[in-house]
Structure formats: structure tokens, C-alpha cells
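Novice: After the C-alpha cells below, expect a handful of questions from me.
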Amino acid sequence: MAIRLGRNEYGKAEVRLVHVDRSAAAHRITDLNVSTRLRGDMVAVHTRGDNAHCLTTDTQKNAVYALAREHGVGAAEDFGLLLARHFTTEHDYIDGAGVELEQYAWQRIPTAEGPHDHAFARSGAETRTAVVTRDGDREWVVAGFDGLTVLKSAESEFRDFPKTRFTTLAETDDRLLATDITARWRYTGGRWEAGATDWDAVYEQVKAVMLETFATTRSLALQQTLYTMGEAVLREHSEIAEVRFSMPNIHHIAVDLSPFGMDNPNEVFHAADRPYGRIEAAVERDDAAGPGRAWDAIPGFV
Ligand SMILES: O=c1[nH]c(=O)c2[nH]c(=O)[nH]c2[nH]1
């Protein structure tokens with residue numbers, strides 16, 4: 001019987017980096033949680049304890065901080081590309097890298113004189129994400145966000161589903177539709193020149209298209225809303241190959257007030273935290289190149 005090392009990667013998880021850009025009077029802060037994953041010839045490291053190829057996770061963590069000092073941070077996608085290229089080009093025993101970035105949103109504190117230059121409040125908005133994967137000189141970028149909570153109080157129905165002997169759900173042409181949108185979009189292309197893509201601008205545009213589509217689409221099911229949101233993004237952004245969503249259907253159940261002699265014309269709801277429907281799908285451009293390794297470091301999506 002032969003035993004051998006299977007797939008492996010290693011890196012430093014959740015390096016918390018806060019970068020302050022002081023180049024203008026109004027500071028810019030970038031608050032990131034960065035995880036690295038490296039691949040390479042690691043057989044001897046695992047099987048013999050020979051660490052000659054083991055670029056330590058401590059060194060990886062230090063590189064995150066030092067490269068932030070050397071180059072600044074900018075868009076999460078650009079910083080991810082910088083790190084992935086650093087690890088794979090400066091060490092000949094490393095031939096693949098994945099860099100995951102989560103970005104937390106801060107807003108300038110409003111004051112009588114306008115938004116403050118150097119005081120910020122963490123905003124309750126979504127968490128932006130970017131995952132850069134590099135393999136040889138191929139690169140993939142998947143951007144997205146977690147936890148953008150939205151709700152529609154009208155124009156959501158759910159009807160004509162199968163009625164089995166276990167069905168109790170009533171049909172409705174007027175329900176609350178609420179979800180926490182987790183979205184990821186994969187960029188077409190295989191290598192990005194520095195500064196060629198305005199990642200921040202595309203991020204804001206994609207989010208705006210998703211939100212507007214959620215708001216203006218009469219929902220027949222969360223699945224149809226999800227698909228329409230992805231379709232709208234792909235129609236407006238030829239630089240995006242596919243969009244994946246994971247959306248809980250956060251059920252809002254109209255409370256029965258009849259014991260108190262009251263009606264409830266869809267005004268009073270119980271927001272149930274569990275169980276919840278889990279709706280996940282990818283919306284794809286059929287002529288786009290395959291995903292390659294783009295999704296390797298992104299678990300939890302269909
Ligand atoms: O939009 C919905 N999709 C479902 O699949 C589903 N299932 C369910 O019970 N309610 C809903 N709503």
C-alpha cells in the first residue's frame with residue numbers, strides 16, 4: 001500500500017490590517033481581514049519535516065503589513081493581486097496563491113463643518129470581499145459582499161407551488177420579502193494590469209444594480225428575484241463572467257391577531273430567525289471562459 005500527500009495549501013488566516021492613507025488632510029482608512037493560502041512543492045515539508053520550502057505563515061503575515069507600507073492598499077482586489085504576485089514570483093518554490101480579503105466599511109463622522117477628516121464610525125453596511133487566486137501566471141478575481149440585508153414590504157408574491165400532503169403554506173400575493181444578500185462575481189480575463197480596472201467603481205455599480213433590481217422587480221419567488229438581479233449585472237458588466245448568490249429567505253409571518261378581535265392587514269409580523277429558506281444559484285454568461293481555480297478558496301456556494 002502506498003500513501004501519499006494529497007491536495008494541500010497553507011497560509012495565515014485573518015490578518016487584521018488597518019491602513020491609514022495620510023496623503024491628504026482627509027485621511028482614508030482601509031480596514032481589512034486578509035487570509036493567505038500558498039501552494040507549491042510541499043511534499044518534503046509534510047512527509048519529512050524538511051522546512052526548506054516552508055515560507056512560514058508568520059512571514060506571510062509580515063508581508064501583508066510590509067507591502068501595505070511599501071505600496072499602500074487601495075482597492076482590496078489590487079492589494080490581493082499584489083500579495084498573490086509577491087508570493088508566487090519572489091519564491092520559486094511557491095507556484096500558486098489564494099488571497100482572501102474582507103473589507104469593513106467606515107464612514108466619516110458627520111459634524112457641523114461637514115464629514116470629519118479623521119474620525120470615523122464603523123457602518124453597519126455589508127462586508128466587501130475579494131478573493132484573488134494565482135496559479136502559474138494565470139489570475140482570477142472574484143469580488144463580492146456578505147450580509148447586505150434588504151426587505152420589500154410590497155410587490156412580493158408566492159403562488160402556484162406544488163401542494164403535497166405535507167403542504168400547509170398558504171399562497172400569497174402580498175408578503176414581506178427579506179434576505180441577507182451574499183453575492184460573489186467573477187471577473188473575465190486572466191491577468192490584470194495595475195490600475196486597469198477600477199474595482200471600487202465596479203463594486204459600487206454592481207451593488208447598485210442588484211439593489212435597484214431587488215427594489216423594482218415584482219417578486220414571484222426569491223429564486224426569480226435572485227436570477228433577475230444576476231441577469232441585470234451581467235447585462236451591464238461585460239467584464240463579469242458570472243454572479244453567485246446565497247440568499248436566506250428570512251420569513252416574516254403575519255401574526256394572527258384574531259384572538260384579540262383585531263384584523264392584521266399585513267402590518268404586524270413575526271420576523272423568524274430560523275428556520276429559513278436557503279436559496280443559492282449562479283447566473284452565468286454562456287460564452288465566458290470556465291472558472292478555472294477562481295472558486296477554490298470560496299466555500300459555501302453552489
Ligand atoms: O420565494 C420563495 N421560494 C421558495 O422556494 C419558498 N419555499 C417556501 O416555503 N417559501 C418560499 N418562498
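All positions are counted from 1 along the displayed chain.
Each Cβ is built from the backbone N, Cα and C atoms, and glycine gets one as well.
TrEMBL does not curate its annotations; it predicts them automatically.
Per TrEMBL, active site, charge relay system is recorded for LYS12, THR57, HIS251. Annotation source TrEMBL lists O2 binding site at THR57, ASN249. The 5-hydroxyisourate binding site annotation in TrEMBL covers THR57, PHE158, ARG175, GLN223, ASN249. What TrEMBL lists as urate binding site is THR57, ASP58, PHE158, ARG175, GLN223, ASN249.
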Novice: Helix, strand or coil: which one is HIS251 (active site, charge relay system) in, per DSSP?
Specialist: coil
Novice: Return the members of LYS12, ASP58, PHE158, ASN249 (the recorded positions) with CB less than 6 angstroms from at least one atom of ligand 1, or none.
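Specialist: Those recorded positions that pass the cut-off, since their Cβ is under 6 Å from ligand 1, are PHE158, ASN249.
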Novice: Would you kindly give the Cα-Cα distance separating ARG175 (5-hydroxyisourate binding site) and ASN249 (O2 binding site), rounded to the nearest Å?
Specialist: 12
Novice: Please tell me which one of the recorded positions listed here (LYS12, THR57, ASP58, PHE158, ARG175) sits closest to HIS251 (active site, charge relay system), measuring Cα to Cα?
Specialist: ARG175
Novice: Name, in the order they occur in the sequence, the residues of the same chain whose CB lies under 8 A from the CB of ARG175 (5-hydroxyisourate binding site) and which sit 6 or more residues away.
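Specialist: The answer is SER156, GLU157, PHE158, HIS252, ASN266.
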Novice: Roughly how wide, in whole Å, is the group THR57, PHE158, ARG175, GLN223, ASN249 that binds 5-hydroxyisourate, by largest Cα to Cα distance?
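Specialist: Output for 5-hydroxyisourate binders THR57, PHE158, ARG175, GLN223, ASN249: max Cα distance 50 Å.
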Novice: DSSP three-state call for ARG175 (5-hydroxyisourate binding site): helix, strand or coil?
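Specialist: Note: ARG175 (5-hydroxyisourate binding site) is coil by DSSP, not helix or strand.
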Novice: Measuring Cα to Cα, tell me the gap between GLN223 (5-hydroxyisourate binding site) and LYS12 (active site, charge relay system) in whole angstrom.
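Specialist: Cα of GLN223 (5-hydroxyisourate binding site) to Cα of LYS12 (active site, charge relay system) measures 36 Å after rounding.
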Novice: In sequence order, which residues at least six apart in the same chain have a CB under 8 Å from the CB of THR57 (O2 binding site)?
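Specialist: Correct list: TYR10, GLY11, LYS12, THR36.
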Novice: According to DSSP, folded down to helix, strand and coil, what is LYS12 (active site, charge relay system)?
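Specialist: Where LYS12 (active site, charge relay system) sits, the three-state DSSP reduction gives coil.
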Novice: Taking the Cβ of GLN223 (5-hydroxyisourate binding site) as the centre, how many other Cβ atoms fall within a 10 Å radius?
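Specialist: Other Cβ atoms within 10 Å of GLN223 (5-hydroxyisourate binding site): 16.
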Novice: What three-state class does DSSP give PHE158 (5-hydroxyisourate binding site)?
Specialist: strand
